[in-house]
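Engineer: Quick one: this structure, given as structure tokens, is what I'll be asking you about.
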Amino acid sequence: MSDTPPVSDRPCDVILDGDRLRLAGHLTIDALQTFDRAAAAELARRAVVIDITETDAVDTAGAWLLVALAGQGQGGRADIHGASSHQSQLIDTVRANMPPPEAGSETTGGMNDRLARLGGRIHGGAGAAVELVSFLGQVVATIGGIILHPRRLRLTSVVHHCQEVGWNAVPIVTLMSFLIGVVLAFQGAAQLSQFGAEVFVVDLIAISILRELGILLTAIIVAGRSGSAFTAAIGSMKMREEIDAMRTLGLDPVTILVVPRVLALIVMLPALGLIADVAGLLGGAVMAWVDLGVSPAAFQARLVGNTDLWHFGVGMIKAPFFALIIGIIGCYEGMKVGGNAESLGRLTSTSVVLSIFMVIVMDAMFSIFFAVVGV
Amino acid sequence: MADAPVIRVRGLVTRFGRHVVHDGLDLDVRRGEVLGVVGGSGTGKSVLLRAIVGLLRPAEGQIEVLGQSVRDTPPDAYRRLRRRWGVMFQDGALFSSLTVRQNVEAPMREQLDLPPDVMRTLAGIKVRMVGLPEDAQGKYPSELSGGMRKRAGFARAIALDPEIVFLDEPTAGLDPIGAAAFDRLIRQLRDALGLTVFLVTHDLDSLHAVCDRVAVLADRRVLAIGSIADMLDVDHPWVREYFHGPRARAAKIMPPEPA
Ligand SMILES: Nc1ncnc2c1ncn2[C@@H]1O[C@H](COP(=O)(O)OP(=O)(O)O)[C@@H](O)[C@H]1O
Ligand SMILES: [Mg+2]
């Protein structure tokens with residue numbers, strides 16, 4: 001076009017000369033940063049001709065400015081004079097691509113609008129819940145089909161995921177649970193010793209760990225660790241159309257991707273819960289010994305003699321349900337990922353938050369249930 | 001000054017480990033021309049493009065764009081230089097979490113300080129210029145067809161009115177009508193915006209329709225450069241096969257054989 005450097009600090013001058021609006025200098029996107037459009041439009045209102053003989057560079061942004069100014073001119077259309085053939089070609093191209101006149105008028109606010117949005121959200125939420133339940137049904141039906149035809153099970157995949165979600169989580173679960181046992185014993189001892197009832201610390205630890213904390217905290221850790229990993233893995237496959245490719249090849253993504261993950265969780269979460277129980281009791285016992293002088297033998301005797309086995313049973317019964325919640329939500333959110341990277345991130349965090357929330361809701365429902373049946 | 005090439009490559013050597021992609025490659029691109037770069041798959045067309053725009057550091061050689069060395073400029077000068085070209089990558093490389101209009105606004109937002117309504121209007125003009133429908137502006141890349149994504153990538157590449165645009169196989173994967181429309185678009189915008197175009201392509205129709213000159217990459221260098229007519233006389237098996245084959249005849253590069 002021209003040899004002048006396009007990056008320039010030179011402002012574009014606007015001079016009104018009778019009914020002639022003269023523009024001089026650089027008419028480029030850089031000049032537009034400091035250009036006073038309102039003032040120029042005010043001058044343009046009195047112009048019949050816009051003269052750009054003195055401009056030395058015009059780019060698309062400059063051409064847009066010219067077209068916009070010309071539209072402000074007398075009679076709604078001032079003439080643009082002094083353009084080189086390149087410049088007038090550019091101006092014509094821009095004129096042909098100007099925004100349609102009524103564009104840009106979005107209505108926002110208003111009571112009706114807000115109501116409509118609220119309604120839309122509720123409708124969307126309800127729809128998502130229905131979809132989640134139907135996804136659960138689909139997975140359960142597929143698992144049922146696999147029980148009838150065990151050869152359809154991807155055993156290698158199940159074992160792989162067992163290692164991922166179970167075995168690899170053992171250190172963190174053990175450590176966490178041990179520390180919870182320690183904390184419980186310490187806090188419990190501080191309160192109970194006021195009544196000289198130190199020995200009840202064993203009951204406190206046993207009941208709270210076995211019945212609630214062991215499995216609940218394990219489920220929360222697994223949701224954060226594996227639920228998010230499920231969503232991210234399935235979501236990025238969805239993003240790259242691998243899931244669609246599977247479907248066209250006659251492979252069922254639920255059988256191949258979802259069932260092994262869910263089964264692995266159902267198998268491994270109770271096992272992790274058991275480990276957490278043992279580690280928690282151990283932590284409690286150590287702290288009771290150090291802090292209260294309850295010897296390991298006394299701890300064991302009181303634990304075995306005084307704790308109903310049902311406390312352990314209640315904890316373990318919950319494990320497969322928590323596993324199902326984490327697995328289904330993790331995979332479902334992954335399947336919902338669309339074509340962009342942002343939805344992957346958003347749904348991964350949704351998956352973790354939602355599965356932890358649902359685990360706690362489920363736990364509360366179990367508490368009510370067990371209270372009613374009296375265990 | 002008018003005769004100085006806008007892109008000047010001398011003795012370029014690029015390698016990945018022990019795999020040598022270019023070995024002593026020379027290339028000149030003239031101001032205002034559309035240069036078609038052809039070559040078999042894996043001959044290093046995309047790598048050449050990446051080296052010229054400074055995304056990849058060559059092992060040896062000089063690369064000058066608009067008279068400035070790309071390799072040895074301080075970061076500040078490189079940033080100013082970079083504003084003077086636009087790149088459209090092979091697969092569009094649109095930002096997937098932004099709409100088409102936001103994609104085109106992205107370079108303006110990063111490089112300039114413009115009021116939002118101006119950015120919006122300018123981005124809209126660019127999107128319309130590349131022939132995308134009005135409702136495409138608010139769509140995300142995943143909601144567009146392949147051809148529309150390429151157009152959107154082109155719109156982003158010309159967002160700041162660069163002097164040079166690099167296009168990596170813009171018509172690959174488009175239907176013939178879409179490809180022909182894209183060719184027309186390149187020519188039209190070249191004329192309107194005074195662009196210099198570095199066009200990597202496999203498409204003989206494209207070469208025929210838009211390119212002023214053609215550079216053939218083979219044997220790790222630019223084997224031949226010149227008009228399409230010049231290419232017909234080059235004596236090299238790949239070039240012969242490419243410009244004399246049945247597809248070339250279909251693209252009317254070769255006169256039809258007498259029956
Ligand atoms: N990042 C990379 N690492 C290793 N090898 C690469 C890389 N990028 C490209 N190559 C190799 O360089 C060669 C040229 O690639 P490319 O320029 O993409 O080919 P094309 O001409 O088809 O665009 C190929 O053999 C490719 O394998
Ligand atoms: Mg390539």
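From the backbone N, Cα and C atoms, a Cβ is placed for every residue, glycine too.
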Engineer: Between A:194-215, A:216-237, which stretch does TrEMBL give the note transmembrane segment?
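Structural biologist: That would be A:216-237, the stretch labelled transmembrane segment in TrEMBL.
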Engineer: Look over the recorded stretches A:167-185, A:216-237, A:258-289 and say which has the most C-beta pairs under 8 A to the transmembrane segment (A:352-373).
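Structural biologist: Counting Cβ pairs under 8 Å, the winner is A:216-237.
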Engineer: As a quick check of your reading of DSSP, tell me how many residues in the domain 'STAS' (A:21-69) are helical, how many are strand and how many are coil.
Structural biologist: 21 helix, 17 strand, 11 coil
Engineer: Looking at A:167-185, A:216-237, A:309-332, which one has the highest count of Cβ pairs under 8 angstroms to the transmembrane segment (A:124-147)?
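Structural biologist: Looking at each of A:167-185, A:216-237, A:309-332 in turn, the most contacts to the transmembrane segment (A:124-147) are made by A:309-332.
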Engineer: Which residues, given as numbers and ranges, are at least 6 beyond the ends of the transmembrane segment (A:167-185) yet have a Cβ under 8 Å from it?
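Structural biologist: Residues packing against the transmembrane segment (A:167-185) from afar: 201, 204-205, 208-209, 213-214, 217-218, 221-222, 225-226, 268, 272, 275-277, 279-288, 291-292.
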Engineer: Below 8 angstroms Cβ to Cβ, which residues of this chain, lying six or more residues outside the transmembrane segment (A:216-237), approach it?
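Structural biologist: Hits for the transmembrane segment (A:216-237): 164-165, 169, 172-173, 176-177, 180, 243, 257-258, 261, 265, 269, 272-273, 276, 319, 322-323, 326-327, 329-331, 333-337, 343-344, 347-349, 351-352, 355-356, 359-360, 363.
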Engineer: Within the domain 'STAS' (A:21-69) only, compute the mean pLDDT.
Structural biologist: 83
